[in-house]
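If you look up TrEMBL, you'll see 39-599 marked as domain 'Anoctamin transmembrane'. What TrEMBL records for 366-385 is region 'Disordered'. The feature transmembrane segment is assigned by TrEMBL to 6-29, 50-77, 126-143, 187-220, 240-262, 283-300, 408-430, 564-585.
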Amino acid sequence: HDLLTVINFSVMFLCIFQLLHEEWANYGVMHKYQPVDLIRKYFGEQIGLYFAWLGVYTQLLIPPSVLGIIVFLYGILTVDTNVPSQETCNDSLNITMCPLCDGVCDYWRLSSVCSLARASYLFDNGATVLFAIFMSLWAAWFLEHWKRRQMYLKHTWDLTSLEDEEVMKPEYEEALQEKKAKMKAHFITFFINFLCLQIFITFSAVFGVAVYRICMLSVWSMNPDPEAKASVRMTVTTTGIILNMLVVLVLEEVYGAIAVWLTELELPKTTEEFEERLIFKSFFLKSMNAFAPIFYVAFFKGRFAGRPGDYVYVFGDYRMEECAPPGCLIELCIQLSMIMLGKQLIQNNVFEILLKKMYRTIQEQKGKNRGAEDEDSETEEKRPKQQFDKDFTLEPFEGVSPEYMEMIIQYGFVTLFVASFPLAPAFALLNNVIEIRLDAAKFVTEIRRPDAVRCKDIGIWYNILCGISKFSVITNAFVISFTSEFVPRMVYQYMYSANGTMSGYTEHSLSYFDVSNFPSGTAPNTTLITGVSMCRYKDYRDPPWATDSYTFSKQYWSVLAAKLAFVIFFQNLAMFLSMLVAWMIPDVPRSLREQLKKENMLLMEFLLTQDQEARAKTHSTKPSTSHPDSCWNNWFAQPNNFCTNCQKPSQGRSTACPSSSSGS
């Protein structure tokens, strides 16, 4: 009987494996829903919940992807009617800009960045503000939708009453408590110092790439070719972004190993505690590594560069880099798209496919060599290779945390800076459609089947998602206010424009500088633009003929006040709408709530029936106390000589029960 049961289970899992291989781990079925119940039955609840969450996340990316494409198309359709872009591209305005570097850089015409201004408008228009508000609501909707889906899965998979089991780590049991008590205070100090060191390394890498751009801008500006000089800014920006992406990929692998090492030094008591601490450290280090270059471009680049005649220098001779006249938003968009797409493509194609296939090929080759040695040996019997021998050559399972980490970082790219890149949800959707089948093929064919782990939710990852969603409101508010040109354009249109339009905004946003005020050695050595007495630069400062020349003008303070007011307004509006969405969507679906109520009623009826049957059984097993004996006692107890059992009057003071006498 036991052997038959084992055979039945083996056949059942073999059928499930074949179904998963054909209907899930196959790129030809991308249009189909995932068989989540089969995944859970074969791999366990932990992996089943991961793929269920990934499916919900991918499905809900469809609305923001469509809306982001619409926002992008709106920018394409209206770019020809955008007045600031037209003014930037207008050669007749003859606006001469100040040099980009000292000595070797020449004056240049504003119209030379016409294509950059038009490209910037595609992502920096009024529709992106509405899209950023929508994404705040979408984040709240996504979290609430997943809670509802998770409640349904918990009920379906019988995880409602599951309690977390704390498994003691062997390393903790072996460690001496006295040694840990002595080292605890020292380790906290060491941990903080080490994290500060990692932060310093990350920002040093970002600063190093910035220095690379500054140096290359100065070197390439010496090129006598006019076409090369015209494209020097875009060339330096693109190469710097590629270098940033490579640094991010390298440091991500390093930080992953550092997070494991730090967590092992802490010596957590239980396996669950170890996992949570490892996840927190990995997310902190990897997110800081991934988002540091983007934060630099969004909030720091060009803020501390100074002005003509009073620039800020690094290493004594190199000026801090500045943003282009259309702003840093287009560079932020390029940086975000390159890091996001490059990171996903390289991780998916190189790390998850090529490296794993190389590992599998090496293991198979080792198995063949081992088999050849066994074949040559006369002591070993020849036998066909069993399936478990083949499975042993597969890569060991490393947990679902790396899979979650990859998607959570992507969620940060989608939400934190969506105001600068509305196409981020669409690219994430395309990646995830492939990622689901890629992970499915990996779990089915490339790694050893893991032990099933029961868990009732996705754990600490949900808290991380909530934190990212709330922080995204702040980052998008500051991106719109301080990185894009939305607020300065609105201030000009409603406060300074003579006719209430954007006409004259480009002239209004540029300040004047007298070229005779250049410090010695900073003016262009040779110039192709002759007769320049005034050059322009992007800032709100008083002109050189004013009393307080080159100080911040009234327009600067008006724009700054409007930016801060917009940040407060955007944050409060987005937070209020997000809380409203979370309040309107119940955590438990109505159908599930009714089903739970029906199940509770059936359970109560069953318990009442069981209780009644138990009472009846107990009553039937008691000693018999029926009359005639009980009737005699009751008859003597009644003053009117009525028997309490048969309720018939006795005849006189007779001691006989009326029922018994009538029966006789």
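Every residue gets a Cβ built from N, Cα and C, even glycine.
Keep in mind that TrEMBL annotations are predicted by a computer and have not been checked by a curator.
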For this session: Could you tell me whether the transmembrane segment (564-585) and the transmembrane segment (126-143) have 3+ CB pairs under 8 A, leaving out pairs under 6 positions apart?
Result: yes
Exercise. Hey, which bits of the same chain come close to the transmembrane segment (50-77), Cβ under 8 Å, at least six residues off its ends?
Worked result: 33-34, 36, 39, 121-123, 125, 127-128, 131, 134-135, 138, 141-142, 145-146, 149-150, 153, 400, 403-404, 407, 411, 414, 418, 422-426, 428-429, 432-433, 435-436, 439-440, 458, 461
Seminar exercise, completed: Per the Cβ filter (under 8 Å) with a sequence gap of at least 6 from its ends, the transmembrane segment (240-262) is approached by 191, 194, 198, 201-202, 205-206, 209-210, 212-213, 216, 278, 281-282, 285-286, 289-290, 293, 334-335, 338-339, 342-343, 346-347
For this session: For the transmembrane segment (564-585), find every same-chain residue at least 6 residues outside the stretch whose CB is under 8 Å from a CB in it, and list them.
Result: 132-133, 136-137, 139-141, 143-145, 148, 469-470, 473-474, 476-478, 480-481, 487
Exercise. Short question: which residues 6 or more past the ends of the transmembrane segment (408-430) have a Cβ under 8 Å from it?
Worked result: 57-58, 61-62, 64-65, 67-69, 71-72, 123, 128-129, 131-132, 135, 139, 283, 286-287, 290-291, 294, 298, 329, 332-333, 336-337, 339-341, 343-344, 461, 464-465, 468-469, 471-472, 475-476, 479-480, 483-484
